[in-house]
């Protein structure tokens, strides 16, 4: 895909066709200075002082690395790599793991599956925690092009990278397991799996840089967090699990309360960011997983799947039974979600209104309280951790379609992008005013330096040909989106586009915010709905579905003639 010229035109116009005038780089509309400076103290007003100060210390690093990322992206980009990294990014998403992880529990890899759930839940929660706490933007676009298959991904903050944390945590944990005494694979298979794990991590982490979705700082800190979480889970997870499952019912209840407290103290972001939704979803999964595993450990089928003398043998079932087990299990999980979510969205608003009347509501920024709406729409376009059944055909068409499901966008997409664009623009304006005052003195010094001055000019020219052209594009606030959605067979219209072609001229604050990809209205009952729905998914995967397999006879493993292990 060819590059675009992102330089702002001198004849820029507003969305209503009126000319866009500037004074020292500041937009002026109808002779009145636009409220470009009103956004500069947005984070100072929205964040506690200590969070704001920490954010301001890290923000220069993100600005510094942006032109280097843009230069790297321009040198490497090809249509084939665009497709590869856009599609493989899905292998680091919550959706991929939520669909794939239950399979491990149903195929007698429950210990490995629980470890992966723990590290992924911890990674999603704590990266989301830090994202909302610091409210740091992604690297600026322009100069970066953002390549993604998710319309909501750019709505999140950038630091740290959840994709990188997920990929590295899975890789590190898998390698630790491969090198442990639990590994039953041959040396050659172990080596091949280890190489595959490294390649997987590289594809996801480097892909975040290539796709313009994260900077170096984002992926480095995200990767460190992922590795640390894996080591903690590998060495301290099993003893904790043994204690939890050997305890009475108070232990899982206290664990669930602890998770709910962590959800409650999750920092509120300065902008409408969906990070909290993902954290809530995985918090629900962990609660359901631990309660379900605790209950299953006390069932009469536990000896088949768990313990050093577990009787389950996947090969003894045969492929037809294995496939039926997987299909039935996945259908049960999707059916639970399809039934419980709309039911809770209908019932909970009435309960929440009663709670509000007693002053017991727990309001959260950007969530509409039940007293301000009548009903929750049941057809919400939601970036769910687990997709709807009706969304699966569209997702498959997206991957196979003309654009291979990717969209390349240039320009602010979220409120965080817009505020950073305006703040960087104002910073450059101030620097420009300062440099104009000292330009005469610098020119005199350069002339006096003679040969040294000529060498300095050569260095400046080399720098200009490198990162400076990308620095000039930062803060322009251009809104350019190339949609590569799918064309339906009988129509030339793009099917459900999530991004639209915007203006290429430098825009003022009002126009920038009018072009953003806006988050939908979110309702207070959605938090509890997600907790219940995803706790149910975790509980079903490790408890009720395996029990159902055993109760159905042929789908179970307890009836197979496994040899009784010698004591």
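Quick reminder: no glycine exception, Cβ is built from N, Cα and C everywhere.
Unlike curated records, TrEMBL annotations are generated automatically.
Taking TrEMBL as the reference, the stretch among 40-58, 59-77, 154-172, 249-267 described by the feature transmembrane segment is residues 249-267.
TrEMBL lists transmembrane segment for one of the ranges 279-297, 298-316, namely 279-297. Non-local neighbours of the transmembrane segment (117-136) in the same chain are 43, 46-47, 51, 54-55, 58-59, 62, 94, 97, 101, 156-162, 165-166, 169-170, 173, 222, 225-226, 229-230, 233, 237, 262, 266-271, 273, 275-276, 278-279, 281-283, 285-286, 289, 416, 538; each lies 6+ residues outside the stretch with a CB under 8 Å from one of its CB atoms. Recorded stretches compared: 216-237, 317-336, 527-549; the one with the most Cβ pairs under 8 Å to the transmembrane segment (249-267) is 527-549.
Averaged across the domain 'Phosphatidic acid phosphatase type 2/haloperoxidase' (114-234), the predicted model reaches a pLDDT of 90. Just going by CB pairs under 8 A, the stretch in 191-209, 279-297, 317-336 that sits most against the transmembrane segment (527-549) is 279-297.
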